[in-house]
Structures are given as structure tokens and as C-alpha cells.
Amino acid sequence: MTPTPTLIQRFLNGSLVLQIVIGIVAGLILASFSPTSALSVSFLGSLFVSALKAVAPILVFVLVASSIANQQKETRTNLKPIIKLYLLGTLFAASTAVMVSYFFPTTLVLVATDIQATPPNGILEVLNTLLFKIVDNPVNALVSGNFIGILAWAAGLGFALQRANQSTKQALHDISNAVTRIVHLVIRFAPLGIFGLVAGTIAETGFDALFGYTHLLAVLLGCMILIALVINPIIVYGKTKKNPYPLIFRCLRESGVTAFFTRSSAANIPVNMALCEKLELHKDTYSVSIPLGATINMAGASITITVLTLAAVHTLGIEFDIATAILLSVVAAVSACGASGVAGGSLLLIPLACGLFGVPNEVAMQVVAIGFIIGVVQDSAETALNSSTDVIFTAAACYAAEELPAADTIETLETLETLETTAKA
């Protein structure tokens, strides 16, 4: 006779996506009827995000080092096509934002405010910051979550250990597996964490402050939805020659939803790693491409930079030609790739892009202030697009290289997981 599963067993073996949806709905209900109670449970969200941020650096370090150290000479990692997809997707996102902003121009009511941050003086400063992050102290890189530095040191250690004894390589492999199990445990608490995040955010900010920027938000979110559901599928189809939507929807569901509420690409790295494992992608590939994508794959950031820059341009009545618009797309794409090297991320790169049109810095910083006001939606959607695209492009490159039937593979994996969940229940 099969023993009746306990409540904890049902929680651990249940559908994570369904539990997250329940957490979202419960958070909305609690914040609507009892804001005070909602604020009191917001610590669950902060605790969850902190746990993800804590485990992400060490996860990336040991996985990358282990993958490279144990890599066979004939192994193909497919990193080059993935990086090309990252850059292509970011450039397409910026170009799409230019076109949408041209057909649906946005004007802003600027308000004077004091932003306690200093934007970079130019693209060279952004690149300079990234270069210094590469040679950061390894301990400081782990403590501060500097994933560029972590990748550099992990790769260096991995290459150095390729000549080590097999026992040393096996020990490193065992450590990476142990950290991965810890990550799986943390991710199982995503429903509770997202419940706290939703309840706390709605209770604290509400959406009243966003009503004055509905057109701006519509343009921003419209661009991001267009990239997620039209442009990315076209790119994936061009790479795999298979139906891209099973992969697209699964990544949006299992990566994008979590990223939307954590609002942190770094915190979502463990979630993406777990999803890549479910998709049965090559571990040597995704252990490097996912943390790299969290650093340079910034389609959402390029959209934010472009849309808000052109909103400032339209507000001031500045005319621009197609050549300047193309240049803005390139600058926004390059700047977005360096957004992780700037405190404040994509918003503080807006003055850099505004400089192309001669927009005064005072006006540019007022646009940045508006960005912070709408950040509860803008930043969430931006992170969801950025993070889910990391898995999408990694999977597309892997499927193309191995000539796997992408759509059939995703559907088969989902069917097997459903049967496994049903059997456990």
C-alpha cells in the first residue's frame, strides 16, 4: 500500500508553475484587502531574492570551472553562435524600439528631481568599467556578484585544472553537483517568495503613480512583447528551422515569470540553469552561456534606453534623420551590453544616448527620474525579457548544433514531466 504523501511532499513534488500562479493570485488578493498584512509578509520576497543572489555567484563559479576542467578536447560548447544570437537579439530590440517610437511618438511631462547617481560620460567609460570588472579580485567578485569577474576567474581556473589529476576534477564536479542541489531547493520556495514580492510591491506602491505614463508604458511593453513573441521566434526559427513557440512559451513561463518578480537577472541565473537542465541542454554550454547572457544579453535594456531617449527627443521637438536613428540603435545595443557595468543599469545609460541628439543633461536626468517612477513595471518586464531570452538563445544554438527537433523535444519533455508529476502525486 502506497503511503499518503505529506503536505511537504506534495509541495516539493507539485507543479512549480502552478504554485507560482497561486502565489501571484494570493499576493494580489492579500494586498487588495489588507495592505498592512501584505507589507508584513513582504520579507518572504526579500528573503527569496537574497537567497537566489547568494547562491548565484558560487553556482556560476563552480559550474564554469568544473565544466571547463572536465571538458573533453572534442567537446563543442556552441558559445560562438550563442554570443552572436545575444548581440543580434539586442540590436534587433533597439531597432524595433526605434521604429515603434517613430510610429507612436511619446511626449513626457518633465519634473525636476534630484537623482543620486552619476551617469557614465560616454561609451568608453562603460567599456572601461567592464574591463576592470574582468580583472577584479576573485573574492570580491564573488562577494559583490560581479559575474564578468566570476566568469573570467572560473574560466582561468578551469583551463588550469584541465591538466590536474582525475580525482581533483571529480571533486570539483561533485562540488558543482552539490551546489546545484542547493539551488534546486531554493527554487522550490519560489511560490512563497513571489507571493511576498507581489503582496509587498502592490501594498507599498500600488499603480496610481503609473497612470500618468500609460502611453510610455504601452510603447515600452509593446516593444518587449513584440520582441518576445515575434522577433525572438523568427530568430529561433532561422537558427533551428523548427516551430519556435513551444520553446518560447516554456522559457517565458518558467524563466520570465520568476524574473519578472525578482527583477534581477543575477538572481534568475539559478532558475535558468535549472530550466536548461530540464531541457537537457549541454551542461558545458549553458553553465557559461547563462551567466554570460545575464551580463551582455540585454534586449530589454536596449528597448528602455531607446524608447526613453526618443521620448525626450520628441518632447523637445528635436528632428532626427534615419542615419541618427540607426546610430541610436547601435549605441543603445552596445550600451545595453554594458548595462551590468553601470550602477542603476539601463536607466543611467539614457543620458549617454540622449547626447546623440543634443538633449541637455538636466532634461535627460528628468527622463531617468520618470524611468524610476515606472520602474515597478518597466524593470520587471525588462528583466523578464532579458533573462528568458538567455535560455531561448542557448537552447536554439544547442538544438541547431545537434540537429535536434526543437519543438518535438520540448513537447516530449513537457509530457514526460507531467507524467512524472502525476505519478509522484
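Glycine too: its Cβ is placed from the backbone N, Cα and C atoms.
On a predicted model such as this, the values are computed, not experimentally measured, just so you know.
Of the listed segments 269-289, 290-310, Swiss-Prot assigns transmembrane segment to 290-310.
Remote same-chain partners of the transmembrane segment (141-161), defined as residues 6 or more beyond its termini with a Cβ less than 8 Å from a stretch Cβ, comprise 53, 56-58, 60-69, 71, 130, 133-135, 168-169, 172, 266, 269, 288, 291-292, 294-295, 340-341. Only residues 6 or more beyond the boundaries of the transmembrane segment (182-202), in the same chain, are considered here, and those with a CB under 8 A from a CB of the stretch are 11-12, 16, 19-20, 22-24, 26-28, 30-32, 37-39, 41-49, 51-52, 55, 59, 257-258, 261-262, 270-271, 273-274, 376. Listed by sequence, the residues of this chain that lie at least six past the ends of the transmembrane segment (91-111) yet keep a Cβ under 8 A from its Cβ atoms are 212-213, 215-216, 218-219, 222-223, 226-227, 231, 235, 299-300, 302-303, 305-307, 310-312, 314-315, 325-326, 328-330, 332-333, 336, 363, 366-367, 369-370.
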